[in-house]
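Chemist: Pasting a structure here, questions to come.
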Amino acid sequence: MLSAFQFQCHLVLIFLAASKGETRYLEVRDAGEDDPFLLLSEDLKRELSAGQIYRRSLRCIDMLSLEGQFTFTADQPQLHCATFFIGEPEELITIHYDFVNINCQGGDFLKVFDGWILKGEKFPSSLDHPLATSQRYVDFCESGNIQTSIRSSQNVAMIFFRIQQPGNGFTVTVKKNSNLFPCNVISQTPSGRFTMVIPHQHRNCSFSIIYPVVIKISDLILGHLNGLFLEKPSASCAGVGDFVELLGGAGLDPSKMFPLADLCHSFHGSAQMKIGCDNTVLRMVSSGKHINRVTFEYHQLDLQETKTRKENSIEEFCFSGI
């Protein structure tokens, strides 16, 4: 059975999985009778490749991974609605208001958040985001500037809104922009390969995978002496300015997750871990003194893999949650 956290995450990520043929069973509550999956038909693919603007209506709870123009019109009072935006790891998201018709004085609101929020937990965490939490919100009812374009700091963003009068709503245009050095990322899929580079920047970067996974780190450059040092974070990694940590937990915020292991020194080889938590995060802490780089690959953990152990595997975690 899915945990509450997994249910909410899969509710927004399942749109992507359906289009990639990776859907697994999920009971979607409060989704109405409409098909909740965004299926990319061959006609739609041809239209998008030909430069056509993709347009569709938004649901109260929705997920978008495509550029285009999107409209929400309330057919009844809608009090708790959100649209989650996600791009590829190397993309930023720009949201532009084209049209807004809401009653701010009557209690409606329309806000953009730079990142994702689920059950009060944020990604990126406050420790990893370049802006203070208050600066990550853009409230239309406070700014009133319909021409404002809001760009995310990572590959995810969201709109949350309340519209009480039927017929009221808004239209937004969503575009993607390239990000040369992706920092904080939520993976669209349960498997993949990624290289994170932090070039002389004093910042922390997290890569979040909302699945139980096997993660294998194959290359790590931290500007320290060569050799692998892998143990609990209470060891000497705490005094090192540059390191990578693996985190696991049942929520979205990396700062509230359980530290599983630290990698304190550069190495070329292979370090593998099986993590059965609802959410797995690889987080790089960088002092800004070096060009830090880590390459890793991951795939969804199945029950059979929990019964086997490869020679280069480290300790397993969170398997009671599978």
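Indices start at 1 and increase along the chain as displayed.
Positions of Cβ are set from backbone N, Cα and C atoms, glycine also.
What TrEMBL says about a protein is an automatic prediction, not a curated fact.
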Chemist: Among Cys264, Cys277, which cysteine is annotated in TrEMBL as forming a disulphide with Cys318?
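Modeler: Disulfide mapping in TrEMBL sends Cys318 to Cys277.
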Chemist: Can you grab the distance from Cys60 (disulfide bond) over to Cys318 (disulfide bond)? Cα atoms, rounded to a whole Å.
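Modeler: About 33 Å separate the Cα atoms of these two residues.
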Chemist: Name, in the order they occur in the sequence, the residues of the same chain whose CB lies under 8 A from the CB of Cys81 (disulfide bond) and which sit 6 or more residues away.
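Modeler: Long-range Cβ contacts: Cys60, Ile61, Phe72, Phe160, Phe161, Arg162, Ile163.
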Chemist: For Cys264 (disulfide bond), list the number of other Cβ atoms lying within 10 Å of its Cβ atom.
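Modeler: Total other Cβ atoms inside 10 Å, all chains included: 25.
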Chemist: Among the disulfide-bonded residues Cys60, Cys205, which residue has the largest number of other Cβ atoms within 10 Å of its own Cβ?
Modeler: Cys205
Chemist: Identify, among the disulfide-bonded residues Cys104, Cys183, the residue whose Cβ has the fewest other Cβ atoms within 10 Å in this structure.
Modeler: Cys104
